Every structure is written in structure tokens, then in C-alpha cells.
Amino acid sequence: MSDDEFRPKRRRVRSPSPPKPDDDDDDSYVPYVPVAQRREEKFAKLQSWGVRSGRERPKKPQDDAEEKEQELKEEELRREKARRERTLLLEAQEVHKKKAAEDAKKTVEEKAEEADAEILEAIKSRRKLASDMELAKGIKYTESLETSWRPPRFIRERTEEQHRKLRDKYHIIVEGDDIPPPIESFRDMKVPQPILDYLKSKKITSPTPIQLQGIPAAFSGRDIIGIAFTGSGKTLAFCLPLIMTALEEEAKLPFVQGEGPVGIILCPSRELANQTYENMVIWCSELAKSGKYPQLNCLLCIGGISMSEQGHALNKGLHIVVATPGRLIDMLEKKRFTFNNCKYLCMDEADRMIDLGFEDDVRNIMSFFKRQRQTLLFSATMPRKIQDFARESLIKPVLVNVGRAGAANLDVLQVVEYVKQEAKMVYLLECLQKTPPPVIIFSENKNEVDDIQEYLLLKGVEAVAIHGSKTQEERQYAIKAFKSGAKDVMVASGVASKGLDFNEIQHVIIFSMPKEIEDYVHQIGRTGRSGKTGIATTFVNMNTPEQTLLDLKYLLMEAGQK
């Protein structure tokens, strides 16, 4: 081998390249030092040199001003930074803490007063019930609708003192200006003879207190707020004026296809609308059968039925519509009929219609009106806040109150039983033995309604059930079977508690107490109707809310019952 092979090989090593200058690590960068810190450092440096500050060159006023301005800017920057770091959540938490501390100092009465004030303020802020045209153009009617009806001369010649004594006799409370006189006879009200004959066949010979004052006021064209206990004849009080208005309009100029309706009756439930429609059809047919009066066409406008089945009513002139809000809005938007000639609007169970559940629908319906109308609101319960709101929407309204709004019917004997939850079903059978059928059982829970019906059927009791989840056919079958007497017991949720009129109901059982005392008043009002007496048995136990029990206690005390 040659020497070159044993000679170590030379390696080439690259020297590291000099680092590139970094813009971020610039030696010339000097961090910012606040003015206050610089002054402290300078003062400390002067002290370390043993030089008194007094020997320095005196500062110019301009320098002091600049330093102060700089300090103010820095302080503002610090505050801005603190504000940015402070979130809305933290601010909301602080507000809630302050409010909680303030609420802790308030009494229960003060809290209740504040809550009531908030509710009243919210209701006042709602705009009144009026059509879009009236709201847009600022139209405000000051006078009621003119009608051709006048009371008999001998009634007009009575003094105001005589009218007052008559109202006191029937315990009628009225409010308003120029209130029409009360009339004690249907004949003196100038009701058509065919309707008088029909009422006589049903053993209705004289008007009830709500009819005695309400019908003359409605015949006079006045807006009405009618309040009366359940079973007092409110339906006739608002249907009869509409029939008379429709007859008058038809006599002036017969209606042809595409014209009408003259009036509309709004109901919160399909069952109540169907019942009102059936009564209206009977009264109109009695008029037509006499041969002296024209046939008035009525239309039932509710969900669950096909409107094509009632096309015959739309093919002629339409006089009267009985409807629920949802289906009525649908028909108006499709232009199946219009409110160009509509001059009469009645809301049955008006507290529910104006309340939060239906208020938007009612406002939507009002927007379709093209002319001034007569408005009637009827219910057994009418809270003061709803009355105040209604007064703003009506024109010179007459309030007719027969008994306190929300009071129980005095013809109903109310029995309250303490029954444990697990013993309710068994005790229910005992309660059914108190009176002969028919009997209505109310429960707030739909599943409970079905369970009660199943239990009764197993025990051999002929029972039907009705609640909101049933189809329209099932609900109609249940009502017809119960009304005809084919079934002895109806188990129902709140859907059947308002307005429905069943004959000869002697006993109502409240299986589960409703949350609102107004609903209880409507439920027990299914018995004791038209002057007859009835029994209402209510089950309560530890599950019943304390506030509900207190409301029930005061209601019983007011009715003079134990």
C-alpha cells in the first residue's frame, strides 16, 4: 500500500454563517417607560449624586402641563382597558345582585303591588283593538251605531228612578252613559213572534237579568261588556240582536252571492262555536218557516271540518258567521268572504279571546273590518285589567254585570272532599251514586281523562271522553252521545268547561282542581243552569296548590257555603 492510503483524510468543515439581523430583536429598541416612572428614576439618580433638586434648572410651566396631559392619557388608557376586560355578563351579574339586595328589603305586599303595576302597565301599552284603516288614518268613532229600534213609549216615559229600582230588583249593575232602559218582557222588546213561540215551547217566558238589560242595549246599537254567571242566558242575549240586524239589512236589499256577512260571533273553542251555530240555525229556521221573514244564511267556520261541505252557504248571500279565530283568519286571507258589510262583532268568553292566548288572532281579525261596527264582549269571568283594556277599544260601552265577575253560580251546591291521590278512582264511583245521570267529570290532564274513562268502562259505566287531542269526529260523537242520553258520564278536560250547555246536568265532579279559579267557576257552571239547582263535588289533597285552596275558600265564603 502506498503512504497516501494511510494518510488521514482531510475534512472540510463549513464555518457557521453569521446570524441574520432580526427585525424583532433590534438593539435600537427601547421599551416605553411611563412618565411617572421616569420621574421617580430621575429623582432617585439625583439623590444618589447628592444633588438637591432645588439646584436643578427650574422647570418650565409648559413641561408640567405636558407631563400632566401625558398622565391623564395614560389613566384614560388604563380605564379603557379595564372596560374592555369587563364583560356584559359581569355587569348583568352585578345588576342582579343589586336588585336581589333591594328585593330582600321589600315586603311580600310591596312585591305583589309591583307585579300588579307591571301587568297593568303592559296592558295599557297595548294598542287598542281597531282595524288597520282606523289605526293608520287615526279614525276615532265617538258615537254608537244608529239603529231603527226604539223601546215602547210607556217604557221611554219611565223615570230614571224607576229604571234604577227595576235593576236593583234583579241585582243588575250597570256602568256607562245614556244607558238604555231594562225591559221585563220579550214582547215589549219587539222580538219577532216566531221566536217568541219557540222560546215559549222551551218554557222560556221571560228574560233573565242579563237579557233584561243586555238585549235592549244591544238593540240600541251600543257596545256592551256583559258579565253574568254561567247558565244565565248570555247566548240569547248576543244572538238575538244579530238576528234582528241581519233581518233589517236583508229587508233593505237582499244579499246576493259574495255579499256578507252582517255579523260575526267569535268563540274560543270548536265545541262552543258549534253549539252557538246550532242555536242560531234553529232560530233562523223558525223565522223562515213562518213565511213572514226571509231565510238567513249561517256559516260555521271552525277547524276540523271541510269548508267545501258548507259551500252552499257561500254560494248565497251570507248573513251570520260563527267561528273560531284560526279558521276565520284562514278564510279571510283566502278571500272566501269579506268584512266589507260586517257591522256586528261579538266575542263569547271574551276574557279568553282578548287574553294573551288569542289577542294576536283577534287583532288580525280586526284588521279586515272596513267600517264602524258594534262590539259585544260576554263572559262569566272578566278580570278588571281586561275590562279596562276593552273600554279603550269600545265606543261609549255599557257594562252590564249580573253578580260579581268571576263569582260562582248560587244555584250550585259546592261540596269539597279531601281525597288522597291513590284513592280518587275508587271514591269517584261513590260520588257517581249521589245523583242520577248525566254527570260530567273534569280533569286538567288529558292522560288522566283517558284513564278515568277506561276505568269507568271497566266498571260498567257508559262514559265518553273529550279533550284537545281528540279528533273533531271523536269530539262531536262524544257530545252528541252525551246530549242524547246514550252515554251517562262525560269525562272532559278544560275544553268542555266554557260555554257548553248540556241539559239536565245535576252533578259535576272536579277530579283535579284547575290552577285558575276562573276555570273552576266555568266547570261547576255546567250544572245549575237556567234557574235549576245542581251539585259540584271537588277533590282536593296535598297536591293542590295552597293559593288555589285559598281562592276556593274565599269563593265558598262569598257564595255563603261551607
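The backbone N, Cα and C atoms fix where each Cβ goes, and this holds for glycine too.
Taken from TrEMBL, the feature compositional bias 'Basic and acidic residues' applies to 53-63. Positions annotated as compositional bias 'Acidic residues' by TrEMBL: 64-74. The domain 'DEAD-box RNA helicase Q' annotation in TrEMBL covers 184-212. The feature domain 'Helicase ATP-binding' is assigned by TrEMBL to 215-400. Summarising the annotation, TrEMBL assigns domain 'Helicase C-terminal' to 411-562. The feature region 'Disordered' is assigned by TrEMBL to 1-32, 44-80. According to TrEMBL, the motif 'Q motif' annotation covers 184-212.
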Requested in this report: Mind checking which residues of the chain, 6+ beyond the ends of the motif 'Q motif' (184-212), have their Cβ under 8 Å from one of its Cβ atoms?
Outcome: 149, 151-152, 155, 166, 170-172, 219, 226, 228, 232-234, 236-237, 240, 243, 247, 282-283, 286-287, 289-290, 292-293, 400, 402
Query raised in the report: Which residue counts does DSSP yield for the domain 'DEAD-box RNA helicase Q' (184-212) in the helix, strand and coil classes, in that order?
Result: 13 helix, 0 strand, 16 coil
**Report entry** Model confidence over the domain 'DEAD-box RNA helicase Q' (184-212) (mean pLDDT, whole number)
**Finding:** 91
